[in-house]
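Engineer: The following block contains the structure, expressed as structure tokens.
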Amino acid sequence: MPFSNSSELSPSFILAGLPGLEAAQAWMAIPLCSAYVLAVAGNCAVLLVVRLEPSLHAPMYFFLCMLAAIDLALATATVPRTLSFYWFGSREIGFAACLLQMFLIHTLSAVESTVLLAMAVDRYVAICHPLRHAAILTNGATAKIGLLAVARGVLFFLPLPLLLLPLPFCGSRLLSHSFCLHQDVMNLACANTTPSVVYGLTAILLVMGLDAVLICLSYILILKAVLRLAAWRERLKVFSTCIAHICVVLAFYVPLIGLSVVHRFGKDLAPLVHVIMGNIYILVPAVLNPIIYGVRTKQIHRRILSLIHVTDR
């Protein structure tokens, strides 16, 4: 039946399940739950280790804590709701809840993108201007960057749900993912969505797109500085400090680009592809980030092992 957010008291959308795998949906949710538990455990471990280890009270690790907190919030805003659908059949999501989830997903993604840019600048200053690093990136400056990242995400992506509020929705209520995304919800509106399309694209280009360009520029400058070093061993040693950050950037932007491509060109793809790509976009950074930094950072690695040893005893 057609419905409108102005004609119904509590309009709702239908979350996408696993097309063709409905009978095994409860079992297929177990890997999703396992990934979520791993993401929560890994990111909480990072936050705890940085909190307990005084040697890690530096801008680089404070940025890492911001990433961990963002990934925790993003995964928690989506995965539990998805699991309640897979396991308990709670497939409908209310209009207000959908808009809130959509706002959180896009805003937190924007905040994470900004933090990744800040980490790239941190690496640039540390390698290209090491003597000025402590003066430029103080703890106070790091806190201000964190607040600026949150404010930037909210200001750019708060209009997205506001633009959808007055639109009527009719026909199909079925979403393409197991959570709410702006483009997905917007496509179900039976009205002119041009302002929403234009603003959504502009916001993504001015936040994620601009951040990606600036991160690439930072690494071009870093490479130039590294190649000026005389010895190859010294070059590798300096550039190895960037490996973890590069991996984290790829873990964030590759699923983001993949999901955008699926939305733009994947209309003929199987619905299952949309669901899987959405879950990858949400969970891959949250799962991989603590693993990457846990492996690449000796202080974090040792502290986690010591905590595990104490717990075992």
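Just so you know, glycine gets a Cβ as well, placed from its N, Cα and C.
Unlike curated entries, TrEMBL annotations are predicted automatically.
The transmembrane segment feature in TrEMBL is assigned to 26-49, 61-87, 93-121, 142-165, 197-222, 243-266, 272-295. Residues annotated as domain 'G-protein coupled receptors family 1 profile' in TrEMBL: 42-293.
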Engineer: Looking at 61-87, 93-121, 142-165, 197-222, which one has the highest count of Cβ pairs under 8 angstroms to the transmembrane segment (243-266)?
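Structural biologist: Comparing 61-87, 93-121, 142-165, 197-222: 93-121 has the most Cβ pairs near the transmembrane segment (243-266).
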Engineer: Would you mind listing the long-range same-chain contacts of the transmembrane segment (26-49), meaning Cβ under 8 Å and 6+ residues beyond its ends?
Structural biologist: 18, 56, 64-65, 68-69, 71-72, 75-76, 79-80, 82-83, 86-87, 279, 283, 286-287, 289-291, 293-294, 299-300, 303-304, 307
Engineer: In terms of Cβ proximity under 8 Å, which residues at least six beyond the ends of the transmembrane segment (93-121) contact it?
Structural biologist: 5, 10-13, 15, 60, 63-64, 66-67, 70-71, 73-74, 77-78, 81, 145-146, 148-150, 152-154, 156-158, 160-161, 164-165, 179-182, 185, 203, 207-208, 211-212, 214-215, 218-219, 245, 248-249, 252, 256, 282, 285
